[in-house]
Structures are given as structure tokens and as C-alpha cells.
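Enquirer: The following block contains the structure, expressed as C-alpha cells.
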Amino acid sequence: MSEEALAGVPLVHISPEGIFKYVMINVIDGGDASKAVIRGFADCTWHADIFEREEEVFKKLGLRAECPGGGRIEHNPDKKYLKVYGYSQGFGKADHAQTKRILATKYPDYTIEISDEGY
């Protein structure tokens, strides 16, 4: 079941607009299968808040979660623009290039920029 649950986990779930923190989460089934997903919510103050919220969702599906890093996302749907930058003080900096590739699966018609500048 956890393999099917893993397949059903969306790659991207972020706030519809604004500037907010995000985390990359490696979601792992009971075996060797895993996938990286992006989560970012404007209503979460800390990167850990995002991770803890999503970790509970994954636990209910029988999946484990690990957070290799985070940062910030600027999302402007009117301009079809995403900017990925910064880092998480608690988890470190996510691989922004990988984050961009994952975001592009949901937002293929967006301009997506990445930067190592800023917090």
C-alpha cells in the first residue's frame, strides 16, 4: 500500500501567491522507493512548521519523511513567475536547481528563477 501511497503524493503543494518559506521533503515508502516533493505555505512561520504539517500527512499514508533543506519562494501567478532563493536556518539550503525542476512539473508555463542570494 505504501508504494501506491507514495505514487499518489503530489510533487508540489505551495501557496497560490506571495513570498513564503518552503521545504524540500524526501518522502519514503516502506522499501527503497522515495521521491522529493516541494511544500511551501504562507501561513507557516517557520520551515519546521511546514515540515511537521506535511510529515503528519505522510505518516497517515504509511510513509516516512526527511527534510534535506528549504528556502523561500516568491510566487506571482499574474506574471507566471516563481523565484526560489534563500535557506532554512534549521534544515539548511535545499538544492534550488532540483526545486526548480520539481516546480516546473506543476508550472511548466512559468518563468522560474533560482538564486543563492537572500534569506
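Using N, Cα and C of the backbone, Cβ positions are placed for all residues, glycine too.
Unlike curated records, TrEMBL annotations are generated automatically.
OK, TrEMBL features for this one:
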- Lys21: substrate binding site (BINDING)
- His47: active site, proton acceptor (ACT_SITE)
Enquirer: Between Lys21 (substrate binding site) and His47 (active site, proton acceptor), what C-alpha distance do you get in Å?
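Expert: Distance between the two Cα atoms comes out at 6 Å.
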Enquirer: Neighbour count, 10 Å Cβ-Cβ cut-off, for the residue listed as 'active site, proton acceptor': what number do you get?
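Expert: I get 25 for this one.
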Enquirer: Lys21 (substrate binding site) has how many other Cβ neighbours within 10 Å of its own Cβ?
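Expert: Counting Cβ neighbours of Lys21 (substrate binding site) within 10 Å gives 22.
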